[in-house]
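In what follows, a single structure is set out as structure tokens and then discussed.
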Amino acid sequence: MALAHSLGFPRIGRDRELKKAQEAFWKGELDEAGLRAVGRDLRKTHWELQKNAGIDLLPVGDFAWYDQVLTHSLMFGVIPRRFRPQHGPATLQTLFGMARGVSDGCCGGAHAQEMTKWFDTNYHYLVPEFGADQQFQLGWEQLFEEVEEARALGHAVKPVLIGPLTYLWLGKAKGAEFDKLELLDRLLPLYGQIFQRLAAQGVEWVQIDEPILVLDLPQDWKNAFERAYNQIQREPLKKLLATYFGGLEENLGLAANLPVDGLHIDLVRAPEQYPTILDRLPAYKVLSLGLVNGRNVWRCDLEKALATLQHAHERLGERLWVAPSCSLLHSPVDLDREDQLDAELKSWLAFAVQKCQEVAVLAQAVNQPQARAVLKALEQSRAVQASRAASPRIHKPAVQARVAAITTKDSQRRSAFTQRIAKQRAGLDLPLFPTTTIGSFPQTASIRLARQSFKQGKLSVAEYTEAMHSEIRHAVLVQERLGLDVLVHGEAERNDMVEYFAEQLDGYVFTRFGWVQSYGSRCVKPALIFGDLSRPNAMTVEWIRYAQGLTDKVMKGMLTGPVTMLMWSFPREDVSREVQARQLALAIRDEVLDLEAAGIRIVQIDEAAFREGLPLRRAQWQHYLDWATEVFRLCASGVRDETQIHTHMCYSEFNDVIESIAAMDADVITIETSRSDMELLDAFKAFAYPNEIGPGVYDIHSPRVPDASEMANLLRKAAQRIPAERLWVNPDCGLKTRGWPETEAALVHMVTAARQLRKELA
């Protein structure tokens, strides 16, 4: 009998109940008992949803009040000193303090732990902080309490733990430098204690997640796996080692031979590893095949997956398990909530509940191939695949022909930067250290209300347009009064930097309830790319043209780049990411050319997610970087030399991609640098980056307003690394989340600092 199981389920709830409860608790509108009751109800519902879908072995421990890595930190006693309670054990207040920071109270004020991306997903985890003298102590009873809950409800459960090597890898050494592997022998006894307690609760199987096995691991970490699991094997319970987000590659032999009872592999991301693992797996081990995509929204091709399963079943028999490729945390919860999608498009989709049903039907197809439910599901799957293959909504010959006709010349500016910049400086006539902002201004309650009223039909097109024009007039007047050199229209009409454009492109669709957790209470609802992408009409031109008509100063057009549009959407699975990126690039190229034709002389194309697209394996980086830089140039290279192309990137590591950033050939790049004290510019100096740079002179993520002298000092440091004539002056990022008073105060100081530097260098 093939067994159906799940590696994890979304925790937020079908209607984001967890988010609402968290935020009510933080505001003091819900007490701890109320919050815990919401969590208990969600877990009960989610276990029932999975069981009713046909999952045999339910995950427990995938629920988290904020983040699963943070939950493990509390369980292991990895609580930074600034958050430790003065008396008694850690509490929910401790957990939320670690996640969000503490402004007062028991800790006397403490900044939150660092947050970063969970592998190459759009989920973020709280980075554990380790000291050289780190001690681990079992605390935080959540896992054991939830096992008890599930068993009391009659469920067969499989607790989920992050493995010891992955947990250490994800953390950061704080204070004195030391090797994190030195902590392994101190951490391993806790796993033994956990397994013993779970065994006493009647648990048979435990899932140990070690996704770092799909990374390029140093040899000492590979050696540590053998040492750790040789120790762990002595403890009770059957152990399923789970890997996902990629292929095991050179770690395949290591993973196959670790002394555990089963191995899970991701056959969505790395189907090529299947034949080898089948040959290398010891005869006593269970093999769990991740055949249903856990991080996208499209229905599985059941016949294709079943062919692999049937082959595996011939070799493995009872040792075959079926699962999603990874935790369903990265998928929306339940497609049945979607009541406004048309029937055809909805038939192509599967959210977490439906993915569990697909896993269950695949297992049943192995066990009972002639069962009526199996035959019906396979017939429906064939119909879905045929519908998608032939649908004119998906396949647009004109778009495909345009992509096929792209030439190398299309992604090259007409002249080299040195020639372009001379023409741009002559035409723009900007001072040394020109000042600008990154694009967005504060999104006030009145802006959000106007947008909502328009969507609900309460405002006419004319009324909404006038409301947005009023906001644009205000933004332009403020910038002129403050003395900024290059203005923006403020983006009042934009709800989100991806959604705004996706709503206007053919090939995108939106859901009502397709929410996924980004971190904590922050949920996002990514757009879905379902077909070939094109731009039926101009998207920003009228807003920017209106803004330019209000001022004699240079107005900057603002667009989101193709890579960011792709990375922050659910992509298609039937064509490659680079093909989708090229389609997006052509649509954006048309917009850039329309802006230029409307008299806009600077166009900014934001690529906030450029670095996020990097594959997990270094060997695959260059291919990605080649097409990612090419599609940026494709959307930017149709303009005349006199038109200046800007891009903005907001992350803190450039050294390993600096050549590719240069290859994008943007005339100006604006970046986050204020928190690094301009040290990030060392990468640009060492590489001799040739184009212009706007290093952010203040951190927009903080309400603090730095004074002009502080910003001037940062500019002096920047001028030591980059020639002054190539420096721009701007904030770190957009100002959407800030209030107007602090925005104006900070920009006054920024303009003052720029003027001070001009005097010094005159």
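Placed from the backbone N, Cα and C atoms, the Cβ positions cover glycine too.
Annotated in Swiss-Prot:
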BINDING   R16, E17, L18, K19, K117, R522, C523, W568, E612  5-methyltetrahydropteroyltri-L-glutamate binding site
BINDING   I438, G439, S440, E491, D606  L-methionine binding site
BINDING   I438, G439, S440, E491, D606  L-homocysteine binding site
BINDING   H648, C650, E672, C733  Zn(2+) binding site
ACT_SITE  H701  active site, proton donor
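The Cβ neighbour count for D606 (L-methionine binding site), using a 10 Å radius over every protein chain in view, is 25. The subset of binding-site residues (R16, K117, I438, E491, C523, D606) lying with their Cα within 10 Å of the Cα of H648 (Zn(2+) binding site) consists of I438, D606, given in sequence order. Taking the centroid of the Cβ atoms of I438, G439, S440, E491, D606 as the L-homocysteine site, the other same-chain residues with Cβ within 8 Å of it are T437, V488, M497, M558, Q604, H648, G734, K736. A sphere of 10 angstroms centred on the C-beta of E491 (L-methionine binding site) encloses 25 other C-beta atoms. Cβ neighbours within 10 Å of E612 (5-methyltetrahydropteroyltri-L-glutamate binding site), excluding its own Cβ and spanning all shown chains: 16. Nearest by CA distance to K117 (5-methyltetrahydropteroyltri-L-glutamate binding site), out of the binding-site residues G439, C650, C733, is C650. When Cβ atoms from all protein chains are considered, those within 10 Å of E672 (Zn(2+) binding site) total 21, not counting its own. Ranking the binding-site residues I438, G439, D606, E612 by Cα distance from C733 (Zn(2+) binding site) puts I438 first.
Closest in space to E672 (Zn(2+) binding site), of the binding-site residues given as I438, G439, S440, is I438, taking the CA atom of each residue.
Around the residue listed as 'active site, proton donor', the C-beta neighbours below 8 angstroms that are at least 6 residues distant in the chain are D732, C733, T737. Between the farthest pair of Cα atoms in the L-methionine binding residues (I438, G439, S440, E491, D606), the distance is 13 Å.
Around the Cβ of G439 (L-methionine binding site), the same chain contributes V488, E491, K556, M558, Q604, D606, H648, G734, each under 8 angstroms and 6 or more positions distant in sequence. Non-local contacts of C650 (Zn(2+) binding site) by the CB criterion (under 8 A, 6+ apart in sequence, same chain) comprise A608, I671, E672, D732, C733. For S440 (L-methionine binding site), other Cβ atoms within 10 Å of its Cβ number 22. When Cβ neighbours within 10 Å are tallied across all protein chains shown, the highest count among the binding-site residues R16, K117, H648 belongs to H648.
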